[in-house]
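Participant: So Swiss-Prot lists these for the protein:
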REGION    19-42  region 'Disordered'
MOD_RES   Ser33  phosphoserine
COMPBIAS  33-42  compositional bias 'Acidic residues'
MOD_RES   Thr37  phosphothreonine
MOTIF     50-55  motif 'D box'
DOMAIN    50-96  domain 'F-box'
BINDING   Cys192, His200, Cys216, His222  Zn(2+) binding site
MOD_RES   Ser264  phosphoserine
REGION    364-421  region 'Disordered'
COMPBIAS  374-385  compositional bias 'Basic and acidic residues'
MOD_RES   Ser448  phosphoserine
Amino acid sequence: MAVCARLCGVGPARGCRRRQQRRGPAETAAADSEADTDPEEERIEAGPARCSLLELPPELLVEIFASLPGTDLPSLAQVCSRFRRILHTDTIWRRRCREEYGVCENLRKLEITGVSCRDVYAKLLHRYRHILGLWQPDIGPYGGLLNVVVDGLFIIGWMYLPPHDPHVGDPMRFKPLFRIHLMERKSATVECMYGHKGPHNGHIQIVKRDEFSTKCNQTDHHRMSGGRQEEFRTWLREEWGRTLEDIFHEHMQELILMKFIYTSQYDNCLTYRRIYLPPSHPDDLIKPGLFKGTYGSHGLEIVMLSFHGSRARGTKITGDPNIPAGQQTVEIDLQRRIQLPDVENLRNFNELSRIVLEVREQVRQEQEAGEGPAPHREPAVKDPEGPPAKASKEAGPGAEAAEQSSTSGQGQPFVLPAGVSSRNEDYPRTCRLCFYGTGLIAGHGFTSPERTPGVFVLFDEDRFGFLWLELKSFSLYSRVQATFQNADAPSPQAFDEMLRNIQSLTS
């Protein structure tokens with residue numbers, strides 16, 4: 001009881017009187033007639049003590065205020081002048097910078113420049129908090145993946161790039177496009193990082209919560225002394241890891257030159273729209289997320305794999321003139337498993353084609369009869385918590401064998417049929433499961449788009465493939481292993497809306 005009494009020295013005494021309040025009249029009278037063995041407790045219970053936050057010592061107030069969200073502290077400063085003075089304590093704001101934004105730097109060095117932790121929180125971190133996370137730039141059909149993070153005492157926008165074609169298993173590359181930091185007490189400084197001449201003056205405008213734009217105020221820093229030819233050669237080495245002479249395919253050369261001309265005209269003056277990572281569910285086939293995939297002459301692109309009940313969808317985060325960013329590149333029917341033939345028969349393209357086209361005919365007949373799932377019309381998630389993938393009657397007798405092989409961990413032998421091209425020959429030779437799916441193909445400029453049948457091949461938790469039947473082409477996808485902060489959708493509905501928005505921009 002003595003411990004409780006000491007605690008109540010900084011608060012109302014009612015907490016120590018609970019025992020007395022719970023007694024009946026007889027117990028109270030008996031207790032009053034007994035001598036209390038704790039004089040300190042007797043003094044506290046004898047008279048009601050009143051105490052407020054204003055009476056607490058400054059050290060305790062600092063601890064209390066430092067544990068509150070930074071957004072609540074301005075209201076406390078308006079209570080009284082004492083609170084306002086205490087809230088100038090840098091310890092409070094150092095803790096808020098660390099707990100809310102992960103700033104673990106030694107902030108004491110800021111004292112040299114006259115910038116306080118309070119300035120860092122209010123004028124840098126809190127002011128630009130809405131641009132943290134993942135974004136897709138509006139660069140025509142090409143798109144992109146921007147990750148804005150707090151990095152020490154900077155906020156940096158990193159553009160994530162796929163590895164050089166065709167090394168889909170290599171880690172992602174990234175380069176800074178802009179940074180924000182606090183040089184003086186007045187305001188934060190925005191710098192453009194584009195080009196090869198170092199940081200220079202830039203500007204950021206937050207259009208709305210899920211959209212912002214960047215502008216370079218010194219685009220001459222993007223130019224090189226050797227003119228456009230030197231700029232193109234440098235861009236080609238960074239983008240493709242090779243020279244134009246190394247690329248013998250004429251159509252591929254045209255695509256590369258077209259991308260350089262189109263993307264370089266923006267000069268880092270771009271509009272970005274927020275994207276979210278897909279929500280996961282325990283019944284998902286594999287963990288959803290971002291993957292790098294091979295797309296023939298277009299090189300490597302970034303695709304977001306998400307699950308929607310009995311279907312999985314791959315949405316392009318980066319794109320090309322045929323299928324632009326934001327479009328749904330593949331859709332997989334998780335209720336239609338495909339049992340591959342043995343390796344010898346699998347080498348025969350006609351045999352695999354026969355199996356896939358039989359499934360497509362079943363789908364067509366069911367849709368016409370109204371028995372099967374309705375045709376896909378939009379990327380909205382109608383049933384985000386739908387049933388897990390399982391064998392269906394339409395999948396044929398091989399579905400049970402596929403399920404057994406997946407649970408046993410043995411897998412199925414896999415080899416590409418003769419005549420099927422692949423940018424990367426280093427694909428796994430065993431797979432866990434195969435499903436019927438469709439892929440989106442179109443002419444240049446996204447003309448005459450249509451969905452064509454194919455086979456989704458699941459290799460493991462981090463790799464899958466898609467065999468484009470009509471194109472006789474195989475795309476290999478490998479998971480992006482980077483960790484992204486501030487990228488989770490606030491709700492499944494918000495993720496659905498994001499998919500609709502990025503698709504509508506290029507439809």
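Every residue gets a Cβ built from N, Cα and C, even glycine.
Since we're looking at a predicted model, the values are computed, not measured.
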Participant: Tell me, by DSSP, whether Ser448 (phosphoserine) is helix, strand or coil?
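Facilitator: For Ser448 (phosphoserine) - judged by DSSP and reduced to three states - the answer is strand.
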Participant: Among the binding-site residues listed here, Cys192, Cys216, which has the most company in the form of other Cβ atoms within 10 Å of its Cβ?
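Facilitator: Result of the Cβ crowding comparison: Cys192.
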Participant: For the domain 'F-box' (50-96), what is the mean per-residue pLDDT, to the nearest integer?
Facilitator: 89
Participant: Comparing the modified residues Ser264, Ser448, which residue's C-beta has the most other C-beta atoms within 10 angstroms in this structure?
Facilitator: Ser264
Participant: Given Ser264 (phosphoserine) and His222 (Zn(2+) binding site), what distance in Å do their CA atoms have, once rounded to a whole number?
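Facilitator: Just about 10 Å between their Cα atoms.
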Participant: Any same-chain residues 6+ apart from His222 (Zn(2+) binding site) with CB under 8 Å of its CB? Would you list them in sequence order, or say none?
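Facilitator: Long-range Cβ contacts: Tyr194, Gly195, Lys197, Cys216, Asp267, Asn268.
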Participant: Have a look around His200 (Zn(2+) binding site) and count the other CB atoms within 10 A of its CB, chains all included.
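Facilitator: Taking all protein chains shown, His200 (Zn(2+) binding site) has 17 Cβ neighbours within 10 Å.
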Participant: By DSSP assignment, list the helix, strand and coil residue numbers for the domain 'F-box' (50-96), in that order.
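Facilitator: Per-class counts: 33 helix, 0 strand, 14 coil.
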Participant: Give the distance between the Cα atoms of His200 (Zn(2+) binding site) and Ser448 (phosphoserine), rounded to the nearest whole Å.
Facilitator: 44
